[in-house]
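> Have a look at this one before I ask anything.
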Amino acid sequence: MLLHDVAITSMDVAATSSRLTKVARIAALLHRAAPDTQLVTIIVSWLSGELPQRHIGVGWAALRSLPPPAPQPALTVTGVDATLSKIGTLPGKGSQAQRAALVAELFSAATEAEQTFLLRLLGGELRQGAKGGIMADAVAQAAGLPAATVQRAAMLGGDLAAAAAAGLSGAALDTFTLRVGRPIGPMLAQTATSVHDALERHGGTTIFEAKLDGARVQIHRANDQVRIYTRSLDDVTARLPEVVEATLALPVRDLVADGEAIALCPDNRPQRFQVTASRFGRSVDVAAARATQPLSVFFFDILHRDGTDLLEAPTTERLAALDALVPARHRVDRLITSDPTDAANFLDATLAAGHEGVMAKAPAARYLAGRRGAGWLKVKPVHTLDLVVLAVEWGSGRRRGKLSNIHLGARDPATGGFVMVGKTFKGMTDAMLDWQTTRFHEIAVGPTDGYVVQLRPEQVVEVALDGVQRSSRYPGGLALRFARVVRYRADKDPAEADTIDAVRALY
């Protein structure tokens, strides 16, 4: 199969807002690829916005200057995958020239449509509105299987591509079960507006836990062998010896547990998230980092213990098993209550301890691997800032033809200008996209046909964010975390926008 077929399907999927049409287009492509398991695996990975190789060391810097496109499609899917694998296996810093040469060779053989697809795939910005459930439904349709069967296999196998390859080759998907040493998709939480909202949605009584601002880890132990996986299922065992040691100290033979790794200050308050995140880098000197930035691990769920699977067990049963195994110093603070006042006090105490909020877990909820269920609800304060839009990018997918991704700036009183602190297209409704496309044409500086449109700094926007982190990407040295648009502020002048000092105060 040609890369052209995948690129055109991706374009078609991005161009429609119909879920049924997206599913049908992807299913048709997968049906053509079956029963070739390698081909199916690659296509499902790519159309999910991922690479089978996961990381190949190619970022935006290597994709800035592309050769002219090829006139006719000739690249095959498996050939491109082999090239990406070769790029990813080049060793050391001295391989940058070789990597750049291979990237240039690949793109020179790609048509314009193929270049666009590869550029977005490698840049992590496929944006075709076909992740998660849509991809699973497409696999199910192509394989003639119930969607629930495909979803469960993907959750327990930790990989939709593997489940797709099995299903489309005629293999039984009931072989995908929880297996120690094979990571599964983590359960994710929906959002509650308050502890009172969480109590109501969980029937009046729920289990509140401290929500730590660390790094999610999935811990597997088989006898004296421990493997640690991230939320994205990357193996980081070698980087987290503290987690390995804490796991080996538990009186258990086989274990699958869910937890959080976090760097703490001497007074046990959490370090900034980036301190924890720095321990997960591929080039980190683990021994040196451990000496200066040690990690602690907190277990908050247990999915398997010594031959017994607990995925179908209610939260209360899983937590009882956890408490019987893990000492209190390695568990998160917890409160079971039906009293909104007690819940609010627990949230306040958790925030005062430096944590980011609380999780509410329904007592009877099962562990929904790889799914965002109402059985878990996160409650945390939301920060907002009034910032100025400095530039905007043309959208893709359902946002094609709209000015979408906005560049956000904070006011700098020292210079009278604005300092860029992030970008976002989150939170925008269709009506908002229509409005801002018209508005930004009115305040554009220079041409509007390029990918990025520069603007006069006149439009104030209110954004919600989860916090601020250090970043070398922006001039102010800071970047917003999970910024999303709340509303545009026609009532505010740019001189009333929040300052860069206000942004720093959230760090």
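Cβ atoms are placed via backbone N, Cα and C, with glycine included.
Okay, these came from Swiss-Prot:
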type: ACT_SITE; residues: Lys211; note: active site, N6-AMP-lysine intermediate
type: BINDING; residues: Glu209, Arg216, Arg231, Glu260, Phe300, Arg372, Lys378; note: ATP binding site
> Checking the spread of the ATP site as listed (Glu209, Arg216, Arg231, Glu260, Phe300, Arg372, Lys378): what is the longest Cα-Cα distance, in whole Å?
19
> Counting Cβ atoms within 10 Å across all protein chains shown, which of the recorded positions Lys211, Arg216, Arg231 comes out on top?
Lys211
> Helix, strand or coil: which one is Arg231 (ATP binding site) in, per DSSP?
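For Arg231 (ATP binding site) - judged by DSSP and reduced to three states - the answer is coil.
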> For Phe300 (ATP binding site), write down the residues of its own chain that are at least 6 apart in sequence and whose Cβ falls under 8 Å from its Cβ; none is a fine answer.
Glu209, Asp258, Gly259, Glu260, Leu322, Arg331, Val332, Met359
> Using Cα coordinates, what distance in whole Å links Lys378 (ATP binding site) and Lys211 (active site, N6-AMP-lysine intermediate)?
8
> Applying a 10 Å Cβ distance cut-off over all chains shown, what neighbour count does Glu209 (ATP binding site) have?
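For Glu209 (ATP binding site), the 10 Å Cβ neighbour count is 23.
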> Quick one: of Arg372, Lys378, which of the binding-site residues has the smallest count of other CB atoms within 10 A?
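Among the binding-site residues Arg372, Lys378, the lowest count of other Cβ atoms within 10 Å belongs to Arg372.
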> Which whole-number value in Å describes the distance between the Cα atoms of Lys211 (active site, N6-AMP-lysine intermediate) and Arg231 (ATP binding site)?
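Computed Cα spacing between Lys211 (active site, N6-AMP-lysine intermediate) and Arg231 (ATP binding site) is 15 Å.
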> When a 10 Å sphere is centred on the Cβ of Glu260 (ATP binding site), how many other Cβ atoms does it contain?
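Around the Cβ of Glu260 (ATP binding site), 20 other Cβ atoms lie within 10 Å.
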